[in-house]
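Features as listed in TrEMBL:
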COMPBIAS  214-226  compositional bias 'Polar residues'
COMPBIAS  227-237  compositional bias 'Acidic residues'
DOMAIN    35-131  domain 'PH'
DOMAIN    152-212  domain 'FYVE-type'
REGION    214-237  region 'Disordered'
């Protein structure tokens, strides 16, 4: 069915509408063979709090953005190649229900659908697109994924030293390797994680020691050189 839709006028119009919703700030989405499979609003678990995001599933990419005007305008376009995606279900917990993890080498996060049926449909369609892409390319599934960040609200004290309490002065930081919420003294090091960035990124002391003992090439930078915007909310969005 996807092959039949690939070059259809209806599919081209649908993709054109999505492009228009992102405006000039978004990347062009129309390429030969690309098909829009479905779309919908999912709740994305960000570092500060869960936020509604508009998602678009294509046969080769997953696109999402902030909702500016409901069903009409979105910004901060994110594009995720499906070849690198792995998904895992998330158990229901409190108000967070019908969720699953979207894991990639550069970024991993949890999303939640409004109903169990929507969750099942989303996961089924994503899995089918990923398997079709891997079959066509002959590639193997991605083995390494970025850590899912623990939300700020789940840590009142540093998850490594268990001593430092977080306050407006003692800010929360995230280790890019394990995703833990850690204090400044426990995350003064940076390490090069090529799948996530071309520059060394913040890691906790525990992960730094593990990474240093492995065969990775690394670069250490003192905590004084880690910028305050290193953990901005957008970095987990």
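Positions of Cβ are set from backbone N, Cα and C atoms, glycine also.
As a summary of secondary structure, the domain 'FYVE-type' (152-212) carries 14 helix, 12 strand, 35 coil according to DSSP. Secondary structure of the domain 'PH' (35-131) per DSSP (helix as H, G, I; strand as E, B; remaining residues coil): 19 helix, 54 strand, 24 coil.
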